[in-house]
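Copied over from Swiss-Prot:
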type	residues	note
TRANSMEM	6-26	transmembrane segment
DOMAIN	17-140	domain 'EamA 1'
TRANSMEM	37-57	transmembrane segment
TRANSMEM	67-87	transmembrane segment
TRANSMEM	91-111	transmembrane segment
TRANSMEM	125-145	transmembrane segment
TRANSMEM	148-168	transmembrane segment
DOMAIN	160-285	domain 'EamA 2'
TRANSMEM	177-197	transmembrane segment
TRANSMEM	213-233	transmembrane segment
TRANSMEM	251-271	transmembrane segment
Amino acid sequence: MRKKTVQIMISHSLMIGLWASAFPGIRAGLEGYTPEHLALFRLLIGSMALLLFAVLTQMRLPDLKDIPAIFLLGFLGFAFYHILLNIGEKTVSAGVASLLVTTAPIFSAMLSRLFYKEHFGFTKWLGSMISLLGVLLIAFGAGDFTYSMSGILVILLAAFSESIYFVFQARYIKKYGFIPFVTFTIWGGTIPMLVFLPGLGEEMMNASISATLSIVYLGLLPTVIPYFALAYVTSFVGASEATLSLYVTPALALIISWLWIGEIPTLLSLLGGVVTVGGVCFTYLKVNKMNKIFITHFSAKRVKKL
């Protein structure tokens, strides 16, 4: 039991650390590559690593009827998401980008309400409004409002694209398993990205070694390993608890960005980030039933006295 607990803690650490490091890694990669080539190079490396893994584990391929949907989810969750995130990070700092991406759970909740009629109560709407206020604070704190706002909107669109991937993946994860599904969707996201292949070789020749190594790191580690770690943790504690620790990611991303690329966000941007993450957390706040009973009882008592 203790060994399993240690393994879960290590998995959580891998998820938080690797995903947090991806944001400054993108900024470092953009020093030598365009957003499109960076996304393609990163996904190619991840796809090749997963291809080797699939061969070694004799992974079963998806049914033909599921391939169009899996490829579409791969395009939205990986290709489109990474291109937009890379474009956004041209004008938005790595730390702020990581804070903006935490809005994905709110978009997921809204989509679940729209397509699956899941409950989207008052706390979720209020949390969404709080997060929107945080986004505005981030925009004002970034300096040139018009310049930074375009990058912020692009990253929010990336978060929305990723939320579509999260909402509609359930049936395929249930059918194929988490790791095979992630493998298939990364492949599905890589194939349409091949349209950007022309010019990649030339950029590799001209880019600095540090920029290229940053993308190799992104492709081998943050693109692949955290998903496997998430699958491992989910198998023991469930998806909700497994993803809960990901709210720590922006805080660590800010620290890594400072140490890796010397990026220091403004105080107003940090405040906006705290408000944004707070809004996301508030969106998923669950009021304890006993607290409801206590509040009702206390209110009734007070009315009686009056």
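Here the Cβ of each residue, glycine as well, is placed from N, Cα and C on the backbone.
With a cut-off of 8 Å on Cβ pairs spaced 6 or more residues apart, the transmembrane segment (148-168) and the transmembrane segment (37-57) reach fewer than 3 such pairs and are scored as not touching. Most Cβ pairs under 8 A with the transmembrane segment (213-233) among the ranges 37-57, 67-87, 91-111, 177-197, 251-271 are made by 37-57. The list of residues near the transmembrane segment (67-87) in space but at least 6 beyond its ends in sequence, with Cβ under 8 angstroms from a Cβ of it, reads 26, 29-30, 35-36, 38-39, 42-43, 97, 101, 151, 154-155, 157-158, 161-162, 164-166, 168-169, 172, 181, 184-193.
Across the domain 'EamA 2' (160-285), the DSSP tally of helix, strand and coil residues reads 106 helix, 0 strand, 20 coil. The DSSP breakdown of the domain 'EamA 1' (17-140) into helical (H, G, I), extended (E, B) and coil residues amounts to 101 helix, 0 strand, 23 coil.
Looking at the domain 'EamA 1' (17-140) alone, the prediction's average pLDDT is 90.
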